[in-house]
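> Per TrEMBL, the features are:
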type	residues	note
TRANSMEM	39-58	transmembrane segment
TRANSMEM	111-128	transmembrane segment
TRANSMEM	135-154	transmembrane segment
TRANSMEM	186-208	transmembrane segment
TRANSMEM	324-342	transmembrane segment
DOMAIN	334-617	domain 'ABC transmembrane type-1'
TRANSMEM	373-395	transmembrane segment
TRANSMEM	449-468	transmembrane segment
TRANSMEM	474-492	transmembrane segment
TRANSMEM	560-579	transmembrane segment
TRANSMEM	591-611	transmembrane segment
DOMAIN	649-871	domain 'ABC transporter'
REGION	928-952	region 'Disordered'
DOMAIN	992-1271	domain 'ABC transmembrane type-1'
TRANSMEM	1115-1145	transmembrane segment
TRANSMEM	1215-1237	transmembrane segment
DOMAIN	1309-1543	domain 'ABC transporter'
Amino acid sequence: MAEDTSSPMDRFCGSTFWNATETWYTNDPDFTPCFEQTALVWTPCAFYWAFVIFDFYYLKASLDRNIPWNKLNVSKALVNLGLLVITALDLIMALVKKGGDSELPLYDLDVWGPIIKFATFLLVFIFIPLNRKYGVQTTGCQFIFWFLLTVLSIPRCRTEVRLDAERQKILNSQQPSEQDFSWEEYQFVSFFIFFTFTSIMLILNCFADGMPRQTKYQRGENEIPELSASFLSRITYQWFDKMALKGYRNPLEEKDLWDLRPQDSCSEVMPIFAHHWNQNVRKNYKNKARVEPKAQFSNGNVTFENPHGEKNGRKKGMASIMPPIYKSFGGVFLFGALMKLFTDTLTFAQPQVLSLIISFVEAQEAEPEWKGILYAVLLFVLAAAQTFILGQYFHRMFIVGLRIRTALINAIYRKALRISNSTKKESTVGEIVNLMAVDAQRFMELTTYLNMIWSAPLQIGLALYFLWQQLGPSVLAGLAVMIILIPVNGVIASRIKTYQIRQMKYKDERVKLMNEVLSGIKVLKLYAWEPSFEKQVLDIRDKEIATLRSTAYLNAGTSFLWSCAPFLVSLVTFATYVLTSEANQLSVEKVLVSIALFDLMKLPLTILPMLSVDIAETQVSVNRINKFLNSEELDPNSVLHDSSKPHPMSIENGEFSWGDEITLRNINIEVKKSSLVALVGTVGSGKSSVVQAFLGEMEKLAGVVNTVGKLAYVPQQAWIQNATVRDNILFGQTYDRKRYNKVIDACALRADIDILSAGDLTEIGEKGINLSGGQKQRISLARAVYSDADLYLLDDPLSAVDAHVGKHIFEEVIGPKGMLARKSRVLVTHGVTFLPQVDSIYVMKMGEISESGTFDQLVKNKGAFADFIIQHLQEGNEEEEELNQIKRQISSTGDVPELLGTVEKAIKLARTESLSDSISVTSADSLMGRGGSLRRRTKRQDSHDSVASAASLKKKQEVEGKLIETEKSQTGGVEFAVYKHYIKSVGIFLSVATLVLNFVFQAFQIGSNLWLTQWANDQNVANDTGLRDMYLGVYGAFGFGQVLSKYLSGLALAIGGLHCSMNVFNKLLNTGLKWPMELFDTTPLGRILSRYSKDVDTVDSVLPAITVQLLNTCFGVLATIVVISLSTPIFLAVIVPIAFLYYFAQRFYVATSRQLMRLESVSRSPIYSHFSETVTGASTIRAYNVGDRFIEESDAKVDKNQVCKYPSVIANRWLAIRLEMVGNLIILFASLFAVLGGQTNPGLVGLSVSYALQVTQTLNWLVRMSSDIETNIVSVERIKEYGETKQEAPWELEQDKNKPKNWPQEGHVEFQNFQVRYREGLDLVLRGVSFNIKGGEKVGIVGRTGAGKSSLTLALFRIIEAAGGRISIDGVDIASMGLHMLRSRLTIIPQDPVLFSGSLRINLDPFEIKTDDEIWKALELSHLKSFVKSLAAGLNHEIAEGGENLSVGQRQLVCLARALLRKTKVLVLDEATAAVDLETDDLIQKTIRTEFKECTVLTIAHRLNTILDSDKVIVLDKGQITEFASPTELLDNPKSAFYSMAKDANLV
């Protein structure tokens, strides 16, 4: 035979492998049988062998096991078996029928063909039971394998059918034939059986297998369908249809959402990240002593190592979060990168096909029509493949982003529970929360684009390569332009970055200040200080706007550069090309393919600089997070738990500091088992610090601290969670009704709980906003008592409660007969009363222990303690029976006459002045009986235990007890009014200008492209250089028009955006500060803050950016439709149905996506509020050792947020796939019509196809942007809503100006039948109160908690407005004047001393109207002068957020100084002396008596001496005045409630 000249493949088959005349140059194309049996079968096989590794990976990664046998997998196995049998049969038949002695030669193909198929089918077959065993429900590789195999077998079907027909012809013809057709017949039958089976396999692979029996995580009703969706459903996101439909029909709610995929939950993500983080931390230490096992989820908690390490580990540098992130999430990321590479290659195949289409149209007559159709379909297939792969790519990237965010948020949370105090000082709560809210979020946003780092240069390189083929070296001219633009852009980008860092700084400052303003809003209102703080905020905002302005201009510059770049490049390139040589003529193909390639370069070139900015920003975030995660932690070993020591709590030779100078030195304390130890001393002597030292909160410089057993801790300032009263007390323990009721009664909380609207199920606002100081303190104590620990650290728990309640609590809880009698207790106290009953006393002075011992020993010593007692007793602050007790105690020690004398005097004093506000007047007799103790109150417990009534109550209570309104996430579309509001804020003129300019820009662009094709079509250009130059010149002019219109539109938008930012924020701030107090009580701080941070940020930087892109894409789509319709008018017929498809996808998507975004943002705030709550209460959480529980709560909140986030990511993909398919249809029709429509102008055809190629992306962006606008405009909506809420009365009124400067001159206060309630719909708290106070009178107000004492003062300041009646001061009705007029003329010393960060001076005089002398005078009178003098900065001493760097007592004194500076005629004291020790209390009282002699003073009384010398006493009960007279008068009348209270205290 002559076939030996042929290729090895020909020899292998025994027939021709490739025959071009048969396949290509013909009107009836076909492949050769050899090609069909080798290439077309082996391609799918090769694919499967190449990618089978993924199938193995999925087996390994699967979290489930054991899918039961079912119809599907059994049929798969059977059909696969059938295929194996038929392939084996092929081989056997070939060996039998061919070769050897038969006349048919046996070729290699006959042996190897079946063997290769058999091996592949076997491999597939093995995976059927494997996938079943490992719970893999669907596999992509197999689906693609069967798909390819089926599709590529179709040409052979045609061939076999034709051959069969020919055989039939020969057999039917009359000539007797020698030929034996049995082998061919066999092949025919065997092939069709094979083809049927592969088709069945393809169909079977479209479905997913059944549910696995064993799963690592519970798979609930609500599990996400994705887990059991088939491969086909996954790549088309068809499993999401249900949700899209549901969301379209009615707004989605939380219950409609699916559970989280287990692999994305904290419990899967965290251990991996923690493991890599710990490895990384260990690498940073030179001594690799500790090698730890992989981080596990031991009882659900992940340990992170401390990068600060042991003190001995020499640190190489900061441990960075980047390596652990690569290692933990790099795998998925790499897989994504692989997909990206694939799509990039596909992208560049498109211009090649485009050039084929153009040459096809040019040579229309010569070419057969099927080629045109083939090209059109090929273009469609390329685009579709790209769509599906990109969909998966983005999906993968988003998942990585989500996981990184989860990991970072949790790492930050766990770290925040362990940071040391010096770290805490460096950053405020707001800044730490920002790490979570902003920086971790930024990571998530970057991951999608990160691959562009390598992909963009690759795309540019490919584009240049193909361009070189079209235009030769002229490309370099264009490239030069691009390269010149890059550094220009780099410079701009770096400028933008510096501005952005600056803006971040201002934003942090602004949010921090707003946080303080909102936390202390009550004080600001009472002092009428809002304008000062509003000005401070606006000052920061102005700086922020200035940086925003610079950024906006620069951004306009960049976007201008980049939109003109492609044009400039093509202009320069074409000009160079035609001008370098006469021979260089532009042909249509050259022009359009080049333009298409330049367009492909446009995206990577635009993205590179943006990406560099993003990466720089993320770098800033990484540094911030690194700094935080590497910051110093509390040393877990500073407190030992050595049970061999004799006492459960001890400090030996301790020396401690708060991070700077030494605070405590020479501390030696021993607490014996079951003993009660008291710490006493003046304000700032270091009592609380000792408690902190026991907790391990302080930095231990020397000595040994030892505690053995479970701790409970009551901080000086109670930390209350935003939860119900009961949850606050249980603090994570189980509810035991009997014990709980015992604790409630012992802590005197029963009466308070009765008052609350829903009993102990009442929700407490953030920071316990709706409780009084005493209630918070008692709840905090109840939490400790309920926790049933071994060791108790009580940091002044009795300071905020009334004397009687204090006594009750001491007896029932702390004292030798109390609930804690068997525990070891350390009590910090200011009161002397209880000291005789404690086992030992330590006296603190200046951070050292000056003496210690029992009460008797210390009294005998006549040292610091004796002075302390004498000083204390002189204030006459104690009840008589207690003094008698102290007297007995002292006289028994003998030999201390001067002390005894003091006690005698104090007793005389006490007889005359006893009075108490702890018992409500009407119930005094019934409760107190004659016994004087509150112990009988326990009788009431029985009624509380009746369960039946409790159940019916419970429902009602839960409804009533909600204080914090749940955040409304609005449903349905955003009203048009919001857009109108936004456009108005931007400015009508600027808005219109932007639109017009964008329109002009597009017109120029289309014009320039049409002009180019005109030029390329013009045959005369070749001979006429003049004509050529004319074309070039006009082309340049078009370009100039583009550049100009683009620049102006960018500028208009930038200016408009700034306008809007300023308007929106100023209005928000202005109205926000004018909210009535009730709104602040019912809206959590975090929610208001998010308006000022997140929503304002959206308006500042997100909305303008989206608007630019929206306009660009919108006009881009219009341009495409115009161009395609110009070239092929028939296209307009297809546009209508396509537009419908598009519209539906868009509506479905927007409805669902918007609601998902809203749900997501609502579920995001709890993460942050919970976090800031944790940071505030970190020491309590550590003391109780419940960190793990809080970490779990945080994880649950993050997971819940992911539950809302994940579907919205999917919604994006779901839409993208559908829209891009719509775009791909546009490509298909545009190219089909161009090929079939007989259009003869190749230029127009090429232009319309190249526009169609871009439309996919543009369509996608259009929907994305329009829905982004919708989701982000929600910020404007929320700000607008806050701006339109109810306002308090106006601050200033015209008629105020007529009032004298020194009004009120007399300070005469009158209440007339005054009624008030806290909020609409609540009961009255004051029910018709009338009394008259003359100017200069001193009045005490008493009554039980909840009797309405505070409401009286709040009403005086119009913090709550009257519901009836009136209050007048100096005869003027206070309701008739501006709030500031009123509030600035009254003075209050509030219950909680609130300070703001800033200088001491700003805290005393925010309007800066007082002179230094006046301020020093006030400081002197408030006994702070020596303290302030001792500070380096004096009056400019920076006060930390919330006044953290002053003791509570000092803060109270600062408040006194404020009052002294204002010196108005009316002074209100609200339980002001609660947190101060007795010395300071005495000082305050003296100051008030002397300095406010002329003024009217209203005192809400706590201790007897505070109101003893007052002129009148008001006794309030249940919102009514029961008695109003002078104390002596009331004591003379045995029937008065006042008298009975005095009597109960054994005073009369």
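If you go along the chain as it appears here, the first residue is 1 and each next one adds 1.
Note: Cβ is positioned from N, Cα and C throughout, glycine not excepted.
Note: TrEMBL annotation is automatic and uncurated.
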> If I take every residue in the domain 'ABC transporter' (649-871) and average their pLDDT values, what number comes out?
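That stretch averages a pLDDT of 88.
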> Cβ pairs under 8 Å with the domain 'ABC transporter' (1309-1543): which stretch of 334-617, 649-871, 992-1271 has the most?
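Counting Cβ pairs under 8 Å, the winner is 649-871.
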> Quickly jot the same-chain residues contacting the transmembrane segment (135-154) by Cβ under 8 Å, restricted to those at least six beyond its ends, or write none.
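Answer is 40-41, 43-45, 47-48, 51-52, 54-55, 58-59, 62-67, 120, 124, 127, 194-195, 198-199, 201-202, 205-206, 208-212, 214-215, 227-232, 234-235.
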> For the transmembrane segment (324-342), find every same-chain residue at least 6 residues outside the stretch whose CB is under 8 Å from a CB in it, and list them.
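Non-local partners: 269, 272-273, 275-277, 279-280, 389-390, 392-393, 396-397, 399-400, 403-404, 407, 447, 450-451, 454-455, 458.
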> Would you call the transmembrane segment (449-468) and the transmembrane segment (111-128) in contact, using three or more Cβ pairs under 8 Å, pairs 6 or more apart in sequence?
no
> Between the transmembrane segment (591-611) and the transmembrane segment (474-492), are there at least three Cβ pairs closer than 8 Å, leaving out pairs fewer than 6 positions apart?
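Yes, since the transmembrane segment (591-611) and the transmembrane segment (474-492) share at least 3 Cβ pairs closer than 8 Å, they count as touching.
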> If we skip the immediate neighbours and take only residues 6+ beyond the ends of the transmembrane segment (111-128), which ones have a Cβ under 8 Å from one of its Cβ atoms?
12, 37-38, 41-42, 45, 48-49, 52, 55, 73, 76-77, 80-81, 83-84, 87-88, 90-91, 94-95, 139, 142, 145
> At a C-beta cut-off of under 8 Å, are there same-chain residues at least 6 beyond the transmembrane segment (186-208) that contact it? List them, or none.
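Distant Cβ neighbours of the transmembrane segment (186-208) are 72, 75-76, 79-80, 82-83, 86-87, 89-90, 93, 97, 137-138, 142-143, 146-147, 149-150, 153, 156-157, 160, 163-164, 228-233.
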> Are there residues at least six beyond either end of the transmembrane segment (560-579) with Cβ under 8 Å to its Cβ atoms? List them, or say none.
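Residues 467, 471-472, 474-475, 477-482, 485, 488-489, 492, 585-586, 591, 594-595, 598-599, 601-602, 605-606, 609, 1001, 1005, 1008, 1012, 1028, 1032, 1035-1036, 1039, 1042-1043, 1046-1047, 1050, 1112 contact the transmembrane segment (560-579) from elsewhere in the chain.
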